[in-house]
Amino acid sequence: MTSTLTPREIVERLNQYIVGQDGAKRSVAVALRNRYRRTKLDPSMREEITPKNILMIGPTGVGKTEIARRLAKLVGAPFIKVEATKFTEVGYVGRDVESMVRDLVESSVRLVKEERVALVKDEAKQLADKRLIELLVPSMKKETNYKNPFEMLFSQPDKEEEEDGEEELTRANLKRKMAEKLKQGELEERTVTVEVTEQNHGFMDLFQGGAGMEQMGMNMQEMLSNMMPKKKKKRRMTVAEARGVLAEEEAQKLIDMDDVTQEAITRAEQLGIIFIDEIDKVAGKNDQGANVSREGVQRDILPIVEGSTVVTKYGAVKTDHILFIAAGAFHMAKPADLIPELQGRFPIRVELQSLSVDDFVRILVEPDNALTKQYEALLQTEGIEMKFSDEAVRKIATIASEVNQETENIGARRLHTLLEKLLEDLSFEAADIHLETLEITEQYVEEKLGSIAKNRDLSQFIL
């Protein structure tokens with residue numbers, strides 16, 4: 001599965017969600033297009049061409065993670081975000097770096113499985129409906145008690161068996177009627193008893209998350225749960241709920257997990273994107289103290305980025321063609337502080353700019369998922385048509401920029417805290433007030449946020 005989008009189209013798609021940062025968008029668009037170009041080459045040349053990994057440099061909240069995440073969604077590529085600070089050098093307490101590849105494969109399996117389930121959705125629903133009819137019209141089987149073996153072998157059909165045949169015919173007619181009612185949606189609220197498989201918990205939870213288990217690439221909990229017999233539990237639920245449970249069970253039976261696993265590994269190897277955040281936190285110059293461990297983390301990451309084979313519970317995974325995007329603010333350190341070998345593995349460097357007032361204005365109104373649109377939609381559920389005036393939007397953007405400059409610069413995330421504070425009273429009272437339309441004006445913004453923004457000490461705690 002490879003995207004046929006051109007770099008220009010990729011940038012246009014990213015523009016729907018992310019404001020500015022054209023340099024970063026162009027770099028990731030070219031990296032993605034090169035993957036498509038690589039698939040068109042003959043196998044010998046294809047193996048030689050590896051992705052050009054990207055290093056994004058810029059403060060928090062300017063769109064580094066969002067660019068990578070949206071890029072992965074565009075092409076249905078497996079994507080994970082990890083933080084470099086969570087890893088430690090081999091021998092220290094903490095996650096080993098190979099776990100990022102295992103997490104990527106898990107993400108890939110989940111992605112492929114969801115796609116396969118979607119393909120068999122209609123068939124699974126039909127099978128679920130058949131099972132529902134069986135639950136709604138249970139069989140009328142009668143046990144015949146024989147006095148001796150000869151009676152069982154040589155007994156003739158009697159009147160009771162003829163009656164059973166009539167009952168079976170009546171039951172078939174009833175099933176047809178029930179099927180029709182089920183199709184019309186007349187039985188959705190009726191209650192049925194469904195037998196569901198119960199998850200095995202208990203002592204197996206002890207095996208979760210052990211660093212040693214991660215290094216073995218094995219999931220002990222899953223292994224033990226497969227050894228334990230599956231428990232069945234009866235649950236009463238409505239037909240509507242039961243259809244969902246039964247359809248899920250039937251879908252699991254219809255998909256071939258071996259095929260899913262194989263496809264997931266291929267997709268992780270060829271299309272996978274690993275986003276390593278806070279890479280600057282493991283960069284250090286000195287050879288003493290914590291920096292020794294930091295350099296150890298870099299040296300452990302190096303073979304993964306260079307290309308190696310990692311053993312996972314689904315099989316061996318090669319990392320040669322996985323795209324790595326590293327990101328960091330680099331306030332205290334510089335990219336040159338990374339070990340030279342790792343620097344060489346991230347040939348494309350992109351600097352993301354801090355956000356200006358105009359950027360904040362665009363972020364508030366332009367993207368498809370803009371914050372103002374989200375809050376307007378939320379209050380619409382209470383019957384209130386809320387709108388932000390252009391002056392109010394610019395005022396919010398100005399305050400966000402000022403607070404970022406005076407306190408910690410957290411980029412666009414500042415808008416979340418500002419809008420939450422701005423609409424706090426309105427969100428609380430919305431269910432009780434009767435307003436059809438409401439406009440958020442510049443004066444209202446000044447009244448709610450002006451004093452906090454001006455008071456530097458207070459803004460550090462509230463905003």
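For all residues, glycine too, the Cβ spot is worked out from N, Cα and C.
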(request) Out of Val19, Val101, Val105, Val239, which one does Swiss-Prot list together with Gly61, Val62, Gly63, Lys64, Thr65, Glu66, Asp277, Glu341, Arg413 for ATP? (result) Val19
(request) Look at each of the binding-site residues, Glu66, Glu341, and point out the one with the fewest other Cβ atoms around it within 10 Å. (result) Glu341
(request) Using a 10 Å cut-off, grab the number of neighbouring Cβ atoms around the Cβ of Lys64 (ATP binding site), all chains included. (result) 25
(request) Whole number in angstrom, please: the longest C-alpha to C-alpha distance across Val19, Gly61, Val62, Gly63, Lys64, Thr65, Glu66, Asp277, Glu341, Arg413 for ATP. (result) 34
